[in-house]
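Working notes, beginning with the structure itself.
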Amino acid sequence: MTPVSDPSSFSSFFKCATKHLNIFYHVDFESHALRGKVALTVEVLEDKFTSLTLDSKDLKIFKVSANGQAAKFTLGAKHSFKGSPLEITLPFELSRGEHVIVEIEYETSPNATALQWLTPEQTAGKKHPYLFSQCQATHCRTMIPCQDTPSVKQTYYAQVSVPRELVALMSALRDGQEADPSDSSRVIYRFRQPVAMPSYLVALVVGALESREIGPRSRVWSEKEFVDEAAFEFAETETMLKTAESLAGPYVWGHYDVLVLPPSFPYGGMENPCLTFVTPTLLAGDRSLAGVIAHEISHSWTGNLVTNRTWEHFWLNEGHTVYLERMIARCMEGEQLRQFKGIGGWKELQESVKQFGANNVLTNLVPNLHEVDTDEAFSSVPYEKGFALLYHLEELLGGPEVFMGFVKSYIQLFAYGSVTTEEWKDYLFTYFKDKVDILNKVDWNVWMHTPGMPPVKPQYDTTMADACTALCQRWLKAKEGDLSSFTEADVKQLNSHQLIEFVALLLQEEALPLSHVKKMQEVYNLNSVKNAEVRFRWLRICVRAHWKEAVPLALKMATEQGRMKFTRPLFKEVFNVSDYSDEAVRTFKEHRKALHPVTAMLVAKNLKIDV
């Protein structure tokens, strides 16, 4: 493995590598803290080894030992977003190839950015508190002192003590439960993860959870209020898993369960092994559900099994996962849908580039993240610019079957490890050794290291998109006198994918006149659409047209769920209309505590509020 530094980690992973974590947590809902200990089994990678550095952030460290002997430790200066390096000095010297067990007793902070503690009122059941974690990209260090870099992979075993009326789950296989011997009001849940994985995939949830079986290796988990609806919505999970296996090889993680979280979960989904986390916004008859689940299933190979070495190579995780997700859509629903999704993805990429600015280096496929907070760098760029590159290569090298052969071979070669863009590219040239002349014509520097849109726009089949484009153009060109020509039938012929595309196209244009937007509501009744992807775009169109009645609806959607994809742009849209800026700020301040800490931090920056 080529030594690569990780600008997002303090840990000394070039000197030693964690092979296993043994975790014990006592979950304390009153103090909003995890109290416990972790034992790291560390392999030494150099001779005369006497010290190591771990990542930590806002942790209270009580005691450190090495192979049972007391070890000295110091916490270095606190960095604004990377936390504090935990420097540990061993009471002995080790040689390359030896192992040491470093045990740390500690407690997390109530402000740990990996953890969101919900009051009973913030749950569907209203009776019990709820806790969930979100470690990607660099938040695991707020719940475990560890080598918080994707270049290190480890297995783990965990025991979690929780109040007995609650259930604990982790990104691992369930390994039974027992009464907590130290407290009869609590239960200890046990978990094991036998497949080595990076720290950002450690995940924990504690709540009043129920489950339903949805396949031979899958259950869906949620609060009881959602569980039957969720079981119905996720019924296709096994079909998707089998389709993914036919494309990418065997599924190695054993179980594939799905957890539907409370509304404040900040992402559409998170690919935690054995337990994908998803937003409840998918349950509102939202056809993007299939895309989210296909995406998270695909991560079982690209991301979880083959992992970006550092966050600068994040596109290797996400570009390949989007590619695989769309190949699953192709197998299950046809090539036209894959093409249509490619068109939608290109539009999302254009929006990200516009938001960052076309010269912003964070729009590079491989950005430099030195002194950059990974949360602030997050966007659709690694997903969609990455997909555009892979699709472009597919077109150059012989089509989807040929290129999928490469993707499968790449997964097999780098499985269980971490990889850089350079290693990926070297293997691409090796695999297609008879087509090196074609690969040499690709402008790799512009694709990888130049900001803005890609140098080549893929040519997609527009069959499914044409009806959306035609309807969008009709509205854009319509004069006041033409508005009576629009009827409900215009959108009845569009499926839900196309309806999303239609409103997305309108968002790319100059704001429509208020008269047009009011007419659109009158004939299409878009305010009553429950699909979150449609509703989110429609409300932004209304706010841009200065439709006063839409502002409370936009702010309601921004606060009744906390998915960053929806919440941030909705707040921003309202804030950007000077008449409503104060209302946006006031609403955010009222609801700030209910939002995930990362979401709240980023919205505050958008609204120009001191964080």
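Quick reminder: no glycine exception, Cβ is built from N, Cα and C everywhere.
Annotation comment: TrEMBL describes Glu296 as active site, proton acceptor. Note on Glu296 (active site, proton acceptor): other Cβ atoms within 10 Å of its Cβ, all shown chains, come to 25.
All chains included, 23 other C-beta atoms sit within 10 angstroms of the C-beta of Tyr383 (active site, proton donor). Taken from TrEMBL, the feature active site, proton donor applies to Tyr383.
The peptide binding site annotation in TrEMBL covers Gln134, Cys135, Gln136, Pro266, Tyr267, Gly268, Gly269, Met270, Glu271, Arg563, Met564, Lys565.
Around His295 (Zn(2+) binding site), a 10 Å sphere centred on its CB holds 23 further CB atoms from the protein chains shown. Feature annotation from TrEMBL assigns Zn(2+) binding site to His295, His299, Glu318.
If you look up TrEMBL, you'll see 463-607 marked as domain 'Peptidase M1 leukotriene A4 hydrolase/aminopeptidase C-terminal'. Per-class residue totals from DSSP over the domain 'Peptidase M1 leukotriene A4 hydrolase/aminopeptidase C-terminal' (463-607), listed helix then strand then coil: 115 helix, 0 strand, 30 coil.
When pLDDT values are averaged over the domain 'Peptidase M1 leukotriene A4 hydrolase/aminopeptidase C-terminal' (463-607), the model yields 94. Tyr383 (active site, proton donor) sits 5 Å from Glu318 (Zn(2+) binding site), taking the C-alpha atoms as the reference points. With a cut-off of 8 Å between CB atoms and residues at least 6 apart in sequence, the same chain places Gln134, Phe277, Thr279, Arg563, Met564, Lys565 near Tyr267 (peptide binding site), listed in sequence order.
Other Cβ atoms within 10 Å of the Cβ of Glu271 (peptide binding site), summed over all protein chains shown, number 24. Within 10 Å of Glu296 (active site, proton acceptor), counting C-alpha to C-alpha distances, fall the following of the binding-site residues Gln136, Gly269, Glu271: Gly269, Glu271.
In terms of Cα spacing, the binding-site residues His295, His299, Glu318 that come within 10 Å of Glu271 (peptide binding site) are His295, His299.
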